[in-house]
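K.L.:
If you look up TrEMBL, you'll see 2 marked as active site, nucleophile. Feature annotation from TrEMBL assigns active site, for Fru-6P isomerization activity to 602. For 2-217, the entry in TrEMBL reads domain 'Glutamine amidotransferase type-2'. What TrEMBL records for 283-422, 455-597 is domain 'SIS'.
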Ligand code: F6R
């Protein structure tokens, strides 16, 4: 959360900083700001709200200078006002920060007592004031920064510029990601390589504890012990072109419609449709030796993990534990040596998932990352990587990342089943046949969304919505409820359908729409009975099933949404689509900001 950029350059920095921030806005959009050195002085422009407000400000109050830093904020400490917007600065130093300085109160009290005057409510300002104080004591910028860094507790990626020193910028990383870009007589800093892609493809990543002094032609990096280190400079494949919405009104809709293609592209890397076999990319451990699997993730990625639990236990007969990353790491669960721990993350930067990975690595687990960003920290720190080929996901609500995660997890379940001897050749072929059909069936679902559009306005009026599902339909219900909450701000809850009568049934009345995920599988009859129970209490059911399932239903439901008939194994990949579409159309009906919903950020790099 929060995106930072920096430039030590030869041309006006402001337009490049803004362009970098545009590509980082997915990390937060509570405020944006830049600071540059103009004739040696620190000058700032900051604006509350989205980046466009900063751009408008710069039109009337342009900013010169070729060295500068920029920030797009997801507020943690202090309300999202201009006063709390980064960069935080004194006359001597300006700082942008992603992360949380946990001991800022203590630093603030100490510095205030020493005469420093704070002007914001943020944790970050303590860094600027601390460096300022050390500069006043006579330390040079590098010494002052090193002494300040030694006092900081928490997570940070920092970009720092100094009055009178346009030839340099300092960067430091502890926990939050930071990339250095190598240009031609210019050097850059960014929260990720995507931000820097229009400027350069030559990127190096700082490790935790690193501090770098960046000039127009070099980056000198020291590790946490102060020893000079070289960090490998890599060539990234990321496109510098700004990603557009195509003919779609929102990125979320565009990304929903991309799913047949990206699921197909992801499948292609593992599935041989002629032989009906799955081959995973190289993994540095033997799947045959895996007797236990743990999957750790957050949010939508966690729901993908829940689906995978059903799949892996069914196909590979290996017990699977699924953990929310933020709970896992503080639980200190006992870990058997040699277990497989899988970390699912679209961004590959989620702080809790990364911390869980580090915990597992330190405790003898084989760590497998399932990410959409192969250059991300989680990918770089794992033993093996499986990539989802969703392409950049710009909409803050995850859609195509989720279904490509499911695609990879389905292939992993098959590969594990084969390696463990739990799945024979014929069964593998059967699953492969069903998987190969998924892109076309998803395209079928997308071809006609009229039923979903028709019910969206009535859902938009609801205060609460319930989602029900059984088996793999349960995590899809959870994902549907999450999508609706995120983009339409309607309160939604999901329950395993069998849990309904253990409490939530008390919520049922005709004002609460109940969305039921019910493919024609071995659990159909059970879920259909739960539908009867809801209808008997006046509940307004929207029933998602295939033609057969809809025809068999005797309960009188408010609406049906028909999906293609598919093998039950791949049903979650299909049923994910209408719940995404429903959330989208409800959000449009309510007029919310679909791509950048309030309070959210796409890459959650703080705990
Ligand atoms: C929901 C959503 C979030 C993310 C979660 C994990 O639409 O996008 O719940 O799934 O923040 O993010 P990653 O997958 O990047 O670790």
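Glycine too: its Cβ is placed from the backbone N, Cα and C atoms.
Unlike curated records, TrEMBL annotations are generated automatically.
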K.L.:
Give the distance between the Cα atoms of residue 2 (active site, nucleophile) and residue 602 (active site, for Fru-6P isomerization activity), rounded to the nearest whole Å.
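P.N.:
Given the Cα positions, residue 2 (active site, nucleophile) is 10 Å from residue 602 (active site, for Fru-6P isomerization activity).
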K.L.:
Let me check the 10 A CB neighbour count of residue 602 (active site, for Fru-6P isomerization activity). How many other CB atoms are there?
P.N.:
23
K.L.:
Including all protein chains shown, what's the count of other C-beta atoms within 10 A of the C-beta of residue 2 (active site, nucleophile)?
P.N.:
28
K.L.:
Mind looking up the mean pLDDT for the domain 'Glutamine amidotransferase type-2' (2-217) in the predicted model?
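P.N.:
PLDDT averaged over the stretch: 95.
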K.L.:
Using DSSP, how many residues of the domain 'SIS' (283-422) fall into helix, strand and coil, respectively?
P.N.:
66 helix, 26 strand, 48 coil
